[in-house]
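*Asks:* Mind having a look at this structure? Questions to follow.
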Amino acid sequence: MSNNIVILGAGVSGLTTTYLLSQDPSNNITVLAKHMPGDYDIEYASPWAGANYMPVGEPGSKHQAWEKATWPALKEVCEKYPEAGIHFQGMIQSLHSSSMSSEWLTAIPDTLIFNRKKDQDSATGQWFKALVQPNPWYKDVVPDFENLPESQLEPGIDNGQKFTSVCINTAVYLPWLVGQCVKNGAVFKRAVCKHITEAAYSHHSGKKADVVINCTGLSSKTLGGVLDDRMYPARGQIVVVRNDPGLMSSTSGTDDGDDEIFYTMTRAAGGGTIIGGCYQKNNWDPLPDPNLANRIMTRAIKICPQLVKEGEGIEGLSIIRHGVGLRPLREGGTRIEKDQVDGVNIVHNYGHGGFGYQASFGCAEHVVSLVKEVLQSKTRAKL
Ligand code: FAD
C-alpha cells in the first residue's frame, strides 16, 4: 500500500524531509512550492544561508537534540557525496584515507569562534549563548574541539574555541537534494497555496494526500489554516566575495551595534566567501542597506586582514553580490508537531531561525517519526 504525502515548501526543511521520506519506496511524494532551488527571493530563506554548522541549541532542549542528530548526517554527506557542495572546515581526523594527501589535510581551514563577555545581553550574544561557552555541549559531537589558550586571543576576546565543522554551498546543496529526491521518485510542482488544506488536494496521483507536511518557514505566519503569529523574522544581510580568508570564523558581537555580528565562511566548490552580518529581529526590509554593507566589509577586514592583500581596504574585496535573507524565527521555538485542519492530517516543520541547516536532519527525522504515527492511525482506521 502506498502513502500519498505532500510536502509544502522546498527550502532546506522541506527538501531534507523529502530526502528522508523518499528513501522508503512506499511513500509517494509530491513537493509543492512557490520557490524552488535556483530562485532568490526574500520569502525563501534557504539560498541566503552561509551555511555552516555552529550549534546554538540550549543544553537539554529539543533544539539541541536536533542539532546533535544532524552532525553525523552532514558529515556523512560531506564524506560520501563530494558533489553535494559541503566541505569540512578544520582538521577532521576521520578523513585519513589513502586518497587524500597529508598536505591536503593540513590545508583545510580552521573553524574558530570568539566570545566577548560584553556581548552576553545583546541580540547576537543571546543568539550565540550556547555556541560561545568555553565548554559547550557540542565539544563531544564535532571533531577536534579545543579551547584556545589565552595567549592566542586578541585583546578584548574573553574565550575562543577551535573545532572541525562544515560549510555548505547552498547553491549546490539544495539542487543536489532535489536530485536525490527526484531519483527516489518524488515529484516536484510549483504552486502557491492560500490555505494549508489546498496542498492535500494537489498530490500528483490526483488523490487526497494522507498527510501534508508544512515546511513553509516564515510564510506560516500568513498561510491560511496555520496563521502562526509567533513567527517573526531576524534579518540577515551578507556580502558574497571572491576573496578567500582561509578560515571560517565568527564572533559573539561587534561594537557596531547590538544586532551586528562578524562571520566569514568560504563555501565549497567555488561558491565564494560569505561575510556577515546581522540579526535584526522584526526587520522585514528585503533590500541591502549600503551603510550596513560598508560596516560588514570594514570590520571583516579589521578582524580578518587576510581577506585582502596587505594594505588594502574594502576596495580589495571582489564583490559577487549583496544579499538579504529573513531567518524564520518562532517565539517558543521550532514547531514540529501533528495537527488536523478541516479533515487534513498535517505535520508541521517550520520556525528554524538561523539554524535550519545545522538542525535539518534532526528535525526531518523527528518529522518522519510523526508521519509514521499518522499513517499507522490511518491504517488502523481502515481495518
Ligand atoms: P525556506 O527556505 O524559507 O523555505 C520555505 C519554502 O516554502 C519555500 O519553498 C517557499 O516557496 C515555500 N512556501 C512558503 N509559503 C508557501 C505557500 N503558501 N505556497 C507554496 N509554497 C510556499 N542556518 C544554518 O543552519 N546555518 C547557517 O549558517 C545559516 N546562516 C544563515 C544566514 C542568513 C543570512 C540567513 C537568512 C539564514 C541562515 N540560516 C542558517 C538559517 C536557514 O537559512 C533557515 O533556517 C532555513 O533556510 C529555513 O528553511 P525552511 O525550509 O524552513 O524555509
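Note: Cβ is positioned from N, Cα and C throughout, glycine not excepted.
Caution: TrEMBL annotation is automatic and unverified by curators.
What TrEMBL shows for this protein is this:
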type: DOMAIN; residues: 5-369; note: domain 'FAD dependent oxidoreductase'
type: BINDING; residues: THR216; note: FAD binding site
type: BINDING; residues: GLY354; note: D-dopa binding site
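Help me understand the surroundings of these features in the structure.
*Replies:* Its Cβ taken as reference, THR216 (FAD binding site) is surrounded by 29 other Cβ atoms within 10 Å in the chains shown.
The 10 Å shell around the Cβ of GLY354 (D-dopa binding site) contains 22 further Cβ atoms across the protein chains shown. For the recorded site, GLY354 (D-dopa binding site), the DSSP three-state label reads coil.
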*Asks:* Please average pLDDT over the domain 'FAD dependent oxidoreductase' (5-369) for the predicted structure.
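*Replies:* Overall, the domain 'FAD dependent oxidoreductase' (5-369) comes to a mean pLDDT of 94.
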*Asks:* In the three-state scheme derived from DSSP, which category covers THR216 (FAD binding site)?
*Replies:* coil
*Asks:* Measuring Cα to Cα, tell me the gap between GLY354 (D-dopa binding site) and THR216 (FAD binding site) in whole angstrom.
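*Replies:* One finds 15 Å between the Cα atoms of these residues.
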